[in-house]
Amino acid sequence: LKLAIIGQSLFGQEVYSNLRKQGHKVVGVFTVPDKDGKADPLAVAAEKDGTPVFKFTRWRVKGQPIPDVVDAYKSVGAELNVMPFCSQFIPMNVIDHPRHGSIIYHPSILPLHRGASAINWTLIHGDKKAGFSVFWADDGLDTGPILLQRECSVEPNDTVDTLYNRFLFPEGIKAMVEAVQLIADGKAPRNPQTEEGASYEGIQKKSNSRVDWAQPAEAIHNWIRGHDKVPGAWTVIDGQPVTLYGSSMLGGSVPAGQALEIEGASQPGLVTKSGLVLYGTDGNALLVKNLQFEDGKMIPASKYFSSGESSSVELTDDEKKMAEEIKNIWKGILSNVGTIEETTDFFKSGAASMDVVRLVEEVKQKCAGVQLQNEDVYMATTFHDFIQMFVRKLRGEDQEEELVVDYVTRDVNNMTVNMPYQCFIDGKFEDAENGKSYDTVNPTDGSVICKVSYASVADVDRAVAAAKEAFDSGPWGRMNPRDRGSLLYKLADLMEEHQEELATIESIDSGAVYTLALKTHVGMSIQTFRYFAGWCDKIQGKTIPINQARPHRNLTFTKKEPLGVCAIVIPWNYPLMMLAWKSAACLAAGNTLVLKPAQVTPLTALKFAELSVKAGIPKGVINILPGSGGMVGQRLSDHPDIRKLGFTGSTPIGKQIMKSCALSNLKKVSLELGGKSPLIIFSDCDMDKAVRMGMSSVFFNKGENCIAAGRLFVEESIHDEYISRVVEEIKKMKIGDPLDRSTDHGPQNHKAHLDKLLEYCETGVKEGATLVYGGKQVGRQGFFMEPTVFTDVEDHMFIAKEESFGPVMVVSKFKDGDVDGVLQRANDTEYGLASGVFTQDISKAMYVSERLEAGTVFVNTYNKTDVASPFGGFKQSGFGKDLGEDALLEYLKTKAVTVEY
């Protein structure tokens, strides 16, 4: 189609560019005149392409079309007017002139919120859905027939900016292009708008955006976020107007702070470390992050009572050179300003929000590594203040504030444990953006330990952005590998200092027996970080001899480089240890990470996040997001900025993750999945050891163990004695409170898993296996399962093929001397994680270990893992390795460099 684009802004530019890519011919662009010597982005793009550009101040005078303007428009011969964002009134003889008429983009789900401030009113009214409409223009105000509409959910803390940037801008561009194509194909509908539920609201200006405090907190929050950043909701503090930005509903207890009188408010506000707490008439609270004064200066709300301005820093010669380069950037943006003075104000000189983005990105490009955010520009609006802020950041004097942690505290296990419960993003603990939370439960008695933030997709995006920024521009990416190792050693030391607290949290959150948690869950986690800390400065490439291209000579060498942002998704059976196995190698390789702990066991991961800050790990390097796999895990799999995903969990979920990773951006994947590990016990074994280790292979950590022996094959001549001795030992096991030092067997991790185990045992009985012991829930409070033994298990049975992931010993006989027969049965599974053999015949042991199809083979032992030994499975138990040098390779890429000299 021949198109006329009528509009302005970056949105108009993107629609214009995408329509041209689609093959449509733009015969004219009609936009606004230059402002302060700067052309609109749409005009800039069109002029660059050689498209005719018309810049009209207006199209009408006193309601009548201007003939010269209309004639200029008609001269281009457009077949369709496309109006992506237009602030001018267009005459009807222009609207109706093309063969196909005119289509307009409007950022609301019409007929709701007709008018020029639709996004603002969507938020002000607290709508649960937002969206946009592409409609056919008529002589009414946003009343024409609908061509297409799209909608999205409104998150509780969305602002005009976040809603626009997340959905209305990117999806709106796609929709405008789609709408034009529908018209070109003759398939565009014209659905009349209903007047039922229609609304029209006026333009929101600064003059009418003052906060009315005689409302509930949520209504005040909606008002503030509905005006953030434009035009800005304001109130009066200490006799002067102050604009409020960054509002969120405050959940939980109100932090301590200093009272601040707010004119017209039902009660004073509170300046806290987190920001300014404000109250509605219902007594509920909201939190405001930033304040802006009449002179344009913006400050963190937490700094309201800070005394005076910091003294100016003296610039070094190198810093003066950088200041001159930055001055040139200012000149390029503020082209209407003759000279950039110390007092030149960025915004008073005509800069807009897009100029802020440009300034930040140009400065970061010029001065790699400096941590600069859009908010920094709003808080340092004059050139002098901007340079002072920049130099302080460059010198590292812009120190991070002390970590604020809103703990849940419990007196348990003869100690007080302090447990963070919020998302950990970019070095800070904060509530989920949608304000949601969920209960994490103590499996010992079913009681709620605390509420934990329930991360949203928006939280994932923020965490990934923080991790990407930390990798691309932060100190982590520039750090000497040996210094990186020192930080990981320090983190291991802090974990050791807090070992008892971590073990206690692990015990109450996962049901792990405290003594096991102390030694394995936490103890091995510490060992893992120390092991990989030592690897940081030993990651090496190699030189490779290649054919010389005479008369020149060549040098080829390889480099091992980090991948970038990595996602890690861990299970609930060893919450801290699984975190350590993956994240220690990931960090040692120089990556940054976003980690999702299991929804039912998030607490040690969040405590780990706190310790990482104390160790000095820079912000953004580690991000922890509690929440659901279906939401957080899926978004991590799909996210285009993540370069690697490491997952431990079930095989079906692993397959889904692998598919999503492939379809998104072909990100690297390592998977440690389900198992049905065979343990073969020959008659020439050390019986005492085989009984002891055989029980450990099944009942260790309540059977919630990825490498647990899912099936025991016992040679016929010792079968009955072996079973008798196992049952005898089970009867001696103490089942009870995991914090009791004498307890052998604690509760299963959560109620749904206990129910699944009971169903598993019922299936075994129904299929004809002999239930020798257990199979029932223990008659006490909590999620306790009896250690269970099945015999006479045939190869076709469900319990012979499927993993229980619980304290269920599944035993089958094999004929005396039938080594190859039992090997065939042991390998007759789609899994291949681990395996074991007990025999005192070393030749037999070696023969069997060579033929077992599993990533790990234990001989006359079991569960013997070590931080230096690679761990991972074959077949549908996954691929990739944790632990050992092999694990580092999962988080590195190899670059080959060839030099001719």
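Glycine too: its Cβ is placed from the backbone N, Cα and C atoms.
Noted in TrEMBL for the protein shown:
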- His106: active site, proton donor (ACT_SITE)
- Glu672: active site (ACT_SITE)
- Glu672: active site, proton acceptor (ACT_SITE)
- Cys706: active site, proton donor (ACT_SITE)
- Gln88, Phe89, Ile90, Asp142: (6R)-10-formyltetrahydrofolate binding site (BINDING)
- 570-572, 596-599, 629-634, 649-650, Lys756, 803-805: NADP(+) binding site (BINDING)
- 317-394: domain 'Carrier' (DOMAIN)
- Asp142: site 'Essential for catalytic activity' (SITE)
How many Å lie between the Cα of Ile570 (NADP(+) binding site) and the Cα of the residue listed as 'active site'?
10
Ile90, Ile570 as binding-site residues, winner by CB count within 10 A:
Ile570
Find, among the binding-site residues listed as Lys596, Lys756, the one whose Cβ has the highest number of other Cβ atoms within 10 Å in the structure shown.
Lys596
Of all the binding-site residues given, Gln88, Gln599, which residue's CB has the most CB neighbours within 10 A?
Gln599
Measuring Cα to Cα, how many Å separate Ile90 ((6R)-10-formyltetrahydrofolate binding site) from Gln634 (NADP(+) binding site)?
45
Which one is it: of the recorded positions Met631, Cys706, which Cβ has the fewest other Cβ atoms within 10 Å in this structure?
Met631
Does anything in the same chain, at least 6 positions from His106 (active site, proton donor), have a Cβ under 8 Å from its Cβ, and if so what?
Arg114, Ala118, Phe132, Ser133, Val134, Phe135, Asp142
Cα-nearest neighbour of Phe89 ((6R)-10-formyltetrahydrofolate binding site) within the listed recorded positions, Lys596, Met631, Glu672, Cys706, Lys756:
Met631
Taking Cα-Cα distance, which of the recorded positions Lys596, Cys706, Lys756 are within 10 Å of the residue listed as 'active site'?
Cys706
To which of the binding-site residues Phe89, Phe805 does the lowest count of other Cβ atoms within 10 Å belong?
Phe89
Reported as an integer number of Å, what is the Cα distance between Gln634 (NADP(+) binding site) and Cys706 (active site, proton donor)?
22
Rounded inter-Cα distance in Å - Gln599 (NADP(+) binding site), Gln88 ((6R)-10-formyltetrahydrofolate binding site):
51
Looking at the domain 'Carrier' (317-394) alone, can you tell me the average pLDDT?
84
Quick one: of the recorded positions Lys596, Met631, Cys706, Lys756, Phe805, which has its CA closest to the CA of Gln88 ((6R)-10-formyltetrahydrofolate binding site)?
Met631
Secondary structure tally of the domain 'Carrier' (317-394) (DSSP, helix then strand then coil):
49 helix, 2 strand, 27 coil
Which Cβ among the recorded positions (Asp142, Gln634, Glu672) has the fewest C-beta neighbours inside 10 Å?
Gln634
Taking the recorded (6R)-10-formyltetrahydrofolate site as Gln88, Phe89, Ile90, Asp142, identify the other residues of that chain whose CB atom sits within 8 Å of the mean position of the site's CB atoms, giving them in sequence order.
Met83, Cys86, Ser87
Cα-Cα distance maximum in Å, computed over every pair in Gln88, Phe89, Ile90, Asp142 that the record assigns to (6R)-10-formyltetrahydrofolate:
14
